[in-house]
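Here the structure is laid out as structure tokens; the discussion comes afterwards.
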């Protein structure tokens, strides 16, 4: 027992030491406005990205890669370390905040960084900022979708085995868990939207409740029959769904009004009056204007995507499966997750037909990495390629993409070919998922509930993507890099995605 405690203490000490180095080389605690994380990346929102010491950060053995995009520093640490390091970094930031007052304006994210002052208010920069906003809102909710999706897969398995008797207490308990989790979806989106822009989070959560309240739906004439009667495999959600975008927009309006009032009202009346006036004004506008318009626009967008998916499935899957890994490198994939959440919450759709295509692209990265492992004699590269490929089969692709495939270039193209073939197959057979957030092998739980043929076609596409990527990479070869290092740097800088090719490195 003492040895176990000593080991835990050593791990905590190493994580705290790593966090201290990361904070110091990122410009110090005063330069960091917010610290979050996704599956493998530590995300630091910075005041001034020019203060980041990329060279020294890249020398840290635990850092698998890093890049700066739209004022946010993303450091790839891997799934094991990122949660622990994030906890330690937030502890350091809280300690610094108590000792040194930090400007609320910067903490709320409205202070321009030096990159913005250099004239990067281009269309691409604005697009990346919008995507980053959706990322900040969607990423904290992903664990809920992952857990609920796995529960739905378990429910589907119980149904297939005939254990879905309404009198079965276990089945009813699991159904209650999944239904309650999805009912909280709009509330959580409202909470995190308000938090992201410096408003009062509980007011944002209340806005989510308004957007899903039955009286609001009756008042605006948006009540529809139960969606579960029309869409057989959808998630168990509210009688009316599709409130995500209305909730986000309504909460944004509420936050801007609240912050404006707090700046102008006297200190003695700012606390009660700002909340009261902003909630009343934003709530009224949301009920009368934002809600009805965005509900219908969201339904139209979802219907258009569904029609496109139904009419040109093969081309749809071929294109998206081929380019998805490039979308991830550009940092746009979290914005797509907001679209996926909208599809699931749409009463006329209720399923996610994008996630199976994304999964094929991720599986293809594993196939390309396995081809590198088999085809190379570089011992260091083989040590990275095999475990990173196995990790990619479980949905975490950063190690294989940044550590192997993107560095060599040709394997990345082979993975694109595999993703295109697998994506075309699953799109042709209309493979769907009941959630989002997991790909690869774990995603089988998401595709089980819609039926056995849905699962069979998913697994077939899985193998097609894996084998095609392996063969394409084998034919393209892996001995020489596809792009000269200098050209890769220039392309990376020109595209505004940071020094990805310069900063990625292998880990043993």
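Each residue, glycine too, has its Cβ placed from N, Cα and C.
For 38, the entry in TrEMBL reads active site, phosphocysteine intermediate.
Sequence annotations record features per position, and here TrEMBL assigns domain 'PTS EIIB type-1' to 16-99. When the domain 'PTS EIIB type-1' (16-99) is classified with DSSP, helix, strand and coil residues number 42 helix, 22 strand, 20 coil.
Per TrEMBL, domain 'PTS EIIC type-1' is recorded for 132-492.
Sequence annotations record features per position, and here TrEMBL assigns transmembrane segment to 137-163 (among others).
Residues or ranges marked as transmembrane segment in TrEMBL: 169-191 (among others).
Annotated transmembrane segment per TrEMBL: 273-295 (among others), in sequence order.
Counting residues 6+ beyond its ends, the transmembrane segment (307-332) has Cβ neighbours under 8 Å at 69, 74, 128, 131-132, 135, 353-354, 357-358, 360-362, 364-365, 397, 401, 406, 412, 415-417, 419-428, 430, 465, 495, 497, 500 in the same chain. Here TrEMBL flags 307-332 (among others) as transmembrane segment.
Look at TrEMBL and you will find 353-373 (among others) tagged as transmembrane segment. For the transmembrane segment (353-373), the list of distant contacts is 306, 309, 316-317, 320-322, 324-325, 333, 336, 339-340, 343, 381-382, 385-386, 388-390, 392-393, 395, 397, 400-401, 404-405, 408, 411-412, 414-419, 421-423, 425-427, 430-433, 435-436, 439-440, 443, 446-447, 458, 461-462, 464-474, 478: same-chain residues at least six beyond its ends, Cβ to Cβ under 8 Å.
Positions annotated as transmembrane segment by TrEMBL: 385-404 (among others). Here the transmembrane segment (385-404) has long-range neighbours at 39-41, 64-65, 76, 78-79, 325, 328-329, 359, 362-363, 365-370, 372-373, 376, 411-412, 438-443, 500, 504-507, meaning same-chain residues at least 6 beyond its ends whose C-beta is under 8 angstroms from one of its own.
The transmembrane segment annotation in TrEMBL covers 411-428 (among others). Within the same chain, residues 309, 313-326, 353, 356-357, 359-365, 367-369, 371-372, 401, 404-405, 457-458, 460-462, 464-476, 478, 482 sit at least 6 positions outside the transmembrane segment (411-428) and bring their C-beta atoms closer than 8 Å to a C-beta of that stretch.
Residues of the same chain lying 6 or more positions beyond the ends of the transmembrane segment (455-476) and with a Cβ under 8 Å from any Cβ of it are 321, 356, 359-361, 363-368, 370-372, 374-375, 410-411, 413-415, 417-419, 421-423, 425-426, 429, 431, 440, 443-444, 447-448. Annotated transmembrane segment per TrEMBL: 455-476 (among others), in sequence order.
The local packing around residue 38 (active site, phosphocysteine intermediate), expressed as other Cβ atoms within 10 Å of its Cβ over all shown chains, amounts to 19.
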